[in-house]
Amino acid sequence: MQHEFSLDYAKHLDDKDALKQYRNKFYIPYVGDKEAIYFLGNSLGLQPKTAQDEVLNVMENWANFGVEGFFMGEDPWLNYHKTLSPILSDIVGALPHEIVTMNHLTVNLHLLMISFYRPTATRYKIICEAKAFPSDQYAFQSQVKLHGFNPADAIIEVHPKPGTHLITKDDILATIEAHKDSVALVLFSGVNYFTGQVFDIETITKAAHQAGAKAGFDLAHAAGNIALQLHQWNVDFACWCNYKYLNSGPGSIAGAYIHEKHLSDTNLQRLEGWWGNDEKNRFKMEPTFTPSPNAEAWQMSTAPMLLLATHKASLNIYKEVGFNNLVAKSQQLSSFMFYVLDTINTDGKYFKIITPTNPNERGCQVSIIVNADAKAVFDKLLPNGIFADWREPNVIRVAAVPMYNSFEDIYLFGITLHKLLAQ
Ligand SMILES: *Cc1c(COP(=O)(O)O)cnc(C)c1O
């Protein structure tokens with residue numbers, strides 16, 4: 001697409017955008033008396049205007065029915081989550097019974113590793129990306145120690161080549177091959193939180209399986225951002241949070257996926273609780289655990305209805321928009337974002353983009369390293385009405401998300417960033 005760096009052109013793209021009205025379904029924060037440019041849907045997605053009503057519905061049912069709220073009212077709590085799994089399964093490319101909404105991301109990562117990281121004396125290594133999100137690094141280290149291994153020996157990180165920021169597929173595959181007799185689990189993010197690089201989930205999964213290992217993915221920055229086909233790609237397990245691209249609120253309930261082929265495996269290890277017991281006899285209070293015939297077998301505790309309420313408000317908007325339409329708009333937004341950044345960055349004099357330019361290798365996040373005094377430039381963004389974030393040592397991350405960002409947002413960001421850099 002041949003772009004232009006002008007307000008008229010950006011407004012023209014907005015006029016043609018079939019999804020532009022969805023912005024009105026969200027509260028956009030203000031800076032001063034102006035709507036801000038919110039480029040942090042990759043950190044905390046904005047609040048759907050319907051979220052408060054959904055919370056209120058749960059509160060009213062609690063007031064009106066007490067514990068009978070599980071069975072009474074318009075949306076009985078016992079079945080509340082059942083309308084959510086099909087929407088999520090569309091977003092992550094899974095079958096509805098492969099999805100469970102529960103806990104928080106790091107907790108789910110641990111619970112799934114309990115099931116799928118089953119090291120033996122000879123096959124015990126975890127292969128992952130270097131500089132994975134810290135919570136994931138802590139999870140890997142503590143899991144390895146839980147099984148009596150030494151993280152320095154058992155965790156194999158794949159690094160970018162010296163002087164570069166991205167990890168090549170060849171290096172990932174070569175690392176799996178090099179450890180094929182000792183690797184138990186290959187665990188990558190879907191999209192790296194720092195660089196915005198998308199990993200080739202299908203190819204990594206295939207290589208992991210050929211080496212005799214399981215393949216799991218942390219989709220915190222992938223779910224709701226890029227197109228996924230977890231089931232078809234034969235991914236063993238995955239987990240994600242719903243507060244980033246999926247707009248379900250700070251600390252919202254998280255999601256997990258377990259491939260269908262594992263659901264009937266009676267030898268599988270799992271930490272269990274009564275809410276994972278088959279619904280048919282969950283309330284018989286019997287001493288034996290009969291797992292739900294779906295991913296809900298991993299759910300240990302009573303579903304937190306107040307958290308599910310905001311999640312539901314958000315997912316209903318996804319259902320209305322259609323996830324494929326969002327991905328298509330996302331590609332158009334980021335194409336314009338790259339164009340604007342290139343235009344203001346004459347001869348690369350101000351910054352370097354470390355996110356891949358190839359649309360198949362990135363989602364909507366763009367990470368830039370600013371040459372000048374990066375932190376000083378960053379600190380002026382918010383007073384100028386722009387929400388972006390800072391990652392040590394020198395990276396500014398911005399995400400123009402298709403649900404509520406506009407082409408005009410990107411244009412205005414370009415103008416402001418250029419002004420600050422040229423000062
Ligand atoms: C955001 C993020 C987390 C955060 O974990 P919580 O348990 O939700 O606090 C973990 N891992 C990755 C890769 C993330 O991007």
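Each Cβ is built from the backbone N, Cα and C atoms, and glycine gets one as well.
Heads up, TrEMBL stuff is auto-annotated, nobody curated it.
Counting every protein chain shown, 19 other Cβ atoms lie within 10 Å of the Cβ of F133 (pyridoxal 5'-phosphate binding site). Residues annotated as pyridoxal 5'-phosphate binding site in TrEMBL: L105, T106, F133, P134, S135, D136, D218, H221, Y243, W274, T302.
For K244 (N6-(pyridoxal phosphate)lysine), the Cβ neighbour count at a 10 Å cut-off comes to 27, with all displayed protein chains included. The feature N6-(pyridoxal phosphate)lysine is assigned by TrEMBL to K244.
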Mind giving me a neighbour count for S135 (pyridoxal 5'-phosphate binding site)? Other Cβ atoms within 10 Å of its Cβ, every protein chain shown. 14
If you measure every Cα to Cα pair among L105, T106, F133, P134, S135, D136, D218, H221, Y243, W274, T302, the residues listed for pyridoxal 5'-phosphate, what is the largest value in Å? 31
Could you say whether, by DSSP, F133 (pyridoxal 5'-phosphate binding site) belongs to a helix, a strand or a coil region? coil
Would you mind checking how many other C-beta atoms are within 10 angstroms of the C-beta on Y243 (pyridoxal 5'-phosphate binding site)? 23
